[in-house]
Amino acid sequence: MPKHQLVVIGAGPGGYVAAIKAAQLGLDVACVEKEQALGGTCLRVGCIPSKALLDASEKIHAAELNQFIGVKIGQAELDLPALMAHKDKVVRANTEGIAYLFKKNKVTRYLGHGKIVAPNKVVVEGPEGVQELETERILIATGSKVAPLKGVELDYDIVGTSDQAIAYPKVPENLVVIGGGVIGLELGSVWNRLGSRVTVLEYLPTILGGMDGEIAKAAEKIFKKQGLEIRTGVRVTAAFARDGKGVVEYEGGEPLVADRVLLATGRVPNTDGLGLENVGLSTDERGRIPVNAHYQTAVPSIFAIGDVIAGPMLAHKAEEEGYAAVEYMVTGYGHVDYNSIPNVVYTHPEIASVGKTEEELKAAEISYKKGSFPFSANGRARAMNDTDGFAKILAHAETDRILGVHIIGPRAGDLIAEAAVAMAFHASSEDLARASHAHPTLAEVLKEAALAAWDKPIHI
Ligand code: FAD
Ligand code: NAD
């Protein structure tokens, strides 16, 4: 029976980072993954393919609208198979990259479904038959799956999930998206740009629930201008395929009929067939595996990280936890700063945030000051002809410590890195305002917002 010091179950961003870090720290580590391609939801069907489609569709749309400055182009024509081939190539490069890193770091790979049968034993069932692995520790990194919605009958074709929406073989004439969250808006934007009539149905009064209210409101206005039909306060009660079309029923209105329906109302932890019952482990009311501050479950030899435990379902959060979990195992020390984990929505403009929203600060009765600055007053944004949006910095009213940063605008997802680092180092808005920012850059929007929070902006 093969013996290892650590067996990681799942090779998503949490699991593969943990496996590589464990190998770097000198452990004999194995990773069990049921899919042929490594990289998990994120690399195979999530972050990477969706961003390949978002980036390319933005350029295709600009070409179709003849929006390139200083050049007139003829009639642009969409080549959907070429776009999908590009996405598949990007996914392959990334997933094969993880296979290379496993080899380089001597991480043993097992292809198959991993099941825990004892605190120190994992059984792998795969194409090569059944194998039993003995191990000192087990790290569960099995990620998440689409949350079912009552009344929605998925046929994984006409009525499907993001797995289908990153690979529609033809542009649907109309697409109904159930859920105005991150997936709904990102993939809704892709198909809207490629020519679909997209209707987003959101249960809450605003899209992007949980985001800063002012930012979510601005986003809704911009997306509507882009042609997305967004209906808020709409509770979907049923969806099903009938006669080659998707039918969506909701409270208080006539059913919608569409070529495709995308269910995007959240994801839930994935513990299917994992064997938790064999070691006496149970999940909480939301299906998550409870862990302590060192990512250790109630069974001392078993640990868990990523989407399968509490916290935001984000690839970089899973990565941080994977890294820290093996550090705790080997060195006794690790660190994840949950206060400075950024969140990005890759629409156009992008939306990015880190730290507390205004709503959260008000609810916690923390007194704060606020500084905002619009992209329309930034030289680089004007040069790029991309001036929608603003940045907003929230700082403590007395100490000036930065409590939250929220951006909607071009490259917000890259700009937020500076704010996350500033928050990790407990910077004040004065610190950020006094730091030199290259001119002319989009980052100057953050400097000016910091100036506005601390004292007064210069350029507005
Ligand atoms: P996962 O990536 O889900 O990996 C878990 C792995 O475990 C999978 O490969 C699975 O096959 C394997 N597995 C499960 N059970 C077993 C078993 N019993 N035996 C063997 N293998 C098993 N996050 C971002 O931060 N940025 C984004 O831009 C972003 N975009 C997204 C877009 C979409 C469409 C989706 C669906 C998600 C997106 N996410 C994004 C979320 C991100 O994908 C997840 O937060 C992240 O993948 C979680 O990592 P993980 O390692 O916990 O789990
Ligand atoms: P989400 O939680 O972001 O949004 C789901 C939305 O569906 C919510 O706004 C909710 O109010 C709405 N909803 C729920 N029930 C409804 C109903 N019956 N009718 C209408 N609307 C309803 O979930 P998601 O968009 O499916 O994304 C899942 C996870 O994947 C998220 O947790 C996110 O963190 C992650 N993800 C991240 C990124 C990124 O970081 N850019 C991209 C995609 C996905």
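One-based numbering along the chain as shown.
Glycine residues also receive a Cβ, built from the backbone N, Cα and C atoms like all the rest.
Worth saying up front: this structure is predicted, and the values here are computed from it rather than measured.
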Selected from CYS31, CYS47: TrEMBL disulphide partner of CYS42: CYS47
Of ASP155, ASP307, residue recorded by TrEMBL at the FAD site of LYS51, GLY114, THR142, GLY143, SER144, MET313, LEU314, ALA315, HIS316: ASP307
Additional site residue, GLY126, GLY129, GLY253, GLY266 [criterion: listed by TrEMBL with GLY179, GLY180, GLY181, VAL182, ILE183, GLY184, LEU185, GLU186, GLU202 for NAD(+)]: GLY266
Pairwise Cα distance maximum in Å, NAD(+)-binding residues per record: GLY179, GLY180, GLY181, VAL182, ILE183, GLY184, LEU185, GLU186, GLU202, GLY266: 14
Listed recorded positions adjacent to ligand 2, that is, members of CYS42, ILE183, ALA315, HIS439 whose C-beta is under 6 A away: ILE183
Helix-strand-coil residue split for the domain 'Pyridine nucleotide-disulphide oxidoreductase dimerisation' (341-450), DSSP-based: 40 helix, 33 strand, 37 coil
Between MET313 (FAD binding site) and GLY179 (NAD(+) binding site): CA-CA distance (Å): 16
Coarse DSSP state, helix versus strand versus coil, of SER144 (FAD binding site): strand
Inter-residue Cα distance where the pair is ILE183 (NAD(+) binding site) and MET313 (FAD binding site), in Å: 12
Among CYS47, ILE183, the most crowded of the recorded positions [Cβ within 10 Å]: ILE183
